[in-house]
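A.B. asks: Reproduced below are the annotations present in Swiss-Prot:
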CARBOHYD  ASN29  N-linked glycosylation site
CARBOHYD  ASN57  N-linked glycosylation site
CARBOHYD  ASN70  N-linked glycosylation site
CARBOHYD  ASN75  N-linked glycosylation site
Amino acid sequence: MAFLTALILVSIVTAAHGQTVVSIPLGHNYTLIGPPITSEVIWTKLGSVDYFDIICNKTKPIIVTCNIQNLTLINVSKVYSGYYYGYDRYSSQYRNYLVRVTQSKTTKMPNMAEIRSDDNSLETFTSSTTPDEKNIPDSMIAIIAAVAVVMALPVICMLLYACRYKKFHPKKQDLLLRLNI
């Protein structure tokens, strides 16, 4: 049980550590920089059909160009969202990216009369600086998830132990194990 707890904790910390979050507007190209190389970087997209899908040799559903180190995503669409992992075959160097595809927002240019009236209203308006509550860092979410898992596992272990103890030792009565399960 301790091994399972350690495995879950290590996987959560590993997923949160070293990951670069990239937001790319629809229709743009973007280059993911690979790790320092000794031979050639292999790029995979996690969560695709083959789970670890080597993407430099494929043409569908995403179109990319690969050189020895970097991966360029071409004409980005929603299909490109996901985790990209680039690693050097002969060393332990790797880079981890979380790609998020965003809608590009277009706005109309205001005329000069609107700008002047906005300048006057800005002089009278004072705002307090508050942090953006909708933007929670991924590392904080990973830490909270790890704490919740670590707190839940001992409770689950105690319940399982109590059930198994009662099943195999029905004649022994312990005050702590008087569960009606």
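From the backbone N, Cα and C atoms, a Cβ is placed for every residue, glycine too.
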A.B. asks: If one looks at the chain holding ASN29 (N-linked glycosylation site), which residues at least 6 apart in sequence have a CB under 8 angstroms from its CB?
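C.D. replies: Long-range Cβ contacts: THR72, LEU73, ILE74, ASN75, VAL76.
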A.B. asks: Given the glycosylation sites ASN70, ASN75, and counting only Cβ atoms in the protein chains shown, which has the most within 10 Å of its Cβ?
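C.D. replies: In terms of Cβ crowding, the pick is ASN70.
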